[in-house]
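J.: Would you mind keeping the following structure in view while I ask a few things?
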Amino acid sequence: MMYDLFMFVLNFLLLIICVLISVAFLTLMERKVLGYIHIRKGPNKVGFLGIPQPFSDAIKLFCKEQPIPFMSNYFLYYFSPVFNLMLSLLIWVIFPYLTYMCSFPYGFYFLCCTSLSVYTFMIAGWSSNSNYALLGSLRSVAQTISYEVSLALILLSLIILIGSFNMLYFMNFQLYCWFIVFSFPLALSFFGSSLAETNRTPFDFAEGESELVSGFNIEYSTGGFTLIFLAEYSSIIFMSMLFSLIFLGGDFYSFYFFFKLSLVSFFFVWVRGTLPRFRYDKLMYLAWKSYLPLSLNFLFFFIGLSVMFFSII
């Protein structure tokens with residue numbers, strides 16, 4: 001029993017370290033890709049091809065001074081970025097392992113973590129006691145809650161298809177045909193919902209530079225800003241992993257799975273470099289009038305398929 005617990009903790013710690021390192025290289029990839037989209041080089045001065053750039057940025061961030069907003073709620077102001085990063089790392093528990101001691105059979109757990117992360121945005125904006133931060137946090141809360149509904153329905157429809165909450169089953173059921181082949185509209189809506197869930201372009205209303213300066217994290221610098229930054233980018237990697245697992249075969253023990261994960265992460269960056277920001281009413285219309293009916297139709301269709309299949313048997 002103690003051995004199983006020790007192995008679980010050790011494997012989870014290794015996974016978290018790998019996620020944090022991959023966040024550093026995702027930021028480097030984003031800056032390189034955006035550089036080539038802007039017809040420039042991107043970071044290439046620090047070390048070989050600019051590879052140590054994210055680590056030097058991290059050192060620079062942590063060496064900065066931490067200002068304390070005079071009218072802020074001190075404890076909540078400092079605690080919310082920590083809680084945000086903790087949730088975005090705990091969410092990786094559902095990453096499927098082939099070993100028994102690390103298998104986590106509850107796939108809907110990630111929805112609990114994403115729902116709780118809404119509170120961190122809200123508390124961060126409110127405790128900063130800044131109008132810009134409060135407006136950014138309110139936008140983020142409305143946006144995240146709206147798109148979580150379609151995310152939950154998409155995941156539920158595919159879980160009904162495989163008949164289990166265990167993410168391991170997605171690999172077994174996609175041996176001969178990927179789910180993206182017969183549910184391509186569902187995959188597109190899942191990707192769009194992931195963009196909105198992680199506050200990325202074209203849904204970056206929580207961080208609209210022209211309106212809210214930096215959004216809910218405007219009063220944070222050094223450590224607090226770094227933790228929010230790490231949480232956002234680890235969520236991007238997690239959503240890319242989930243997309244690859246659910247729609248692109250889910251063969252997570254092979255090299256191709258991580259290649260597909262990197263490709264989906266590249267699409268996150270590519271969308272940022274090419275698409276303009278949506279209007280806020282169009283964002284809500286897209287969630288409630290496009291994604292929600294689509295995911296509900298697929299849900300009823302897959303339920304009907306399951307009932308018909310089991311009645312034939």
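The backbone N, Cα and C atoms fix where each Cβ goes, and this holds for glycine too.
Fair warning: this is a prediction, and the values are worked out from it, not measured in the lab.
Pulled these from Swiss-Prot:
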TRANSMEM  5-25  transmembrane segment
TRANSMEM  75-95  transmembrane segment
TRANSMEM  104-124  transmembrane segment
TRANSMEM  151-171  transmembrane segment
TRANSMEM  175-195  transmembrane segment
TRANSMEM  227-247  transmembrane segment
TRANSMEM  251-271  transmembrane segment
TRANSMEM  293-313  transmembrane segment
J.: By a Cβ-Cβ criterion of under 8 Å, what residues six or more beyond either terminus of the transmembrane segment (5-25) are in contact with it?
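T.: Residues 54-55, 58, 89, 92-93, 95, 97, 99, 101-102, 230, 233-234, 237.
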J.: Counting Cβ pairs under 8 Å that are 6 or more apart in sequence, does the total for the transmembrane segment (293-313) and the transmembrane segment (175-195) reach three or more?
T.: yes
J.: Going through 75-95, 104-124, 151-171, 175-195 one by one, which has the most CB pairs that fall under 8 Å from the transmembrane segment (227-247)?
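T.: Out of the listed stretches, 75-95 contacts the transmembrane segment (227-247) most.
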J.: Below 8 Å between Cβ atoms, which of the listed ranges 104-124, 151-171, 251-271 makes the most pairs with the transmembrane segment (75-95)?
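T.: Between the stretches 104-124, 151-171, 251-271, 104-124 has the largest tally.
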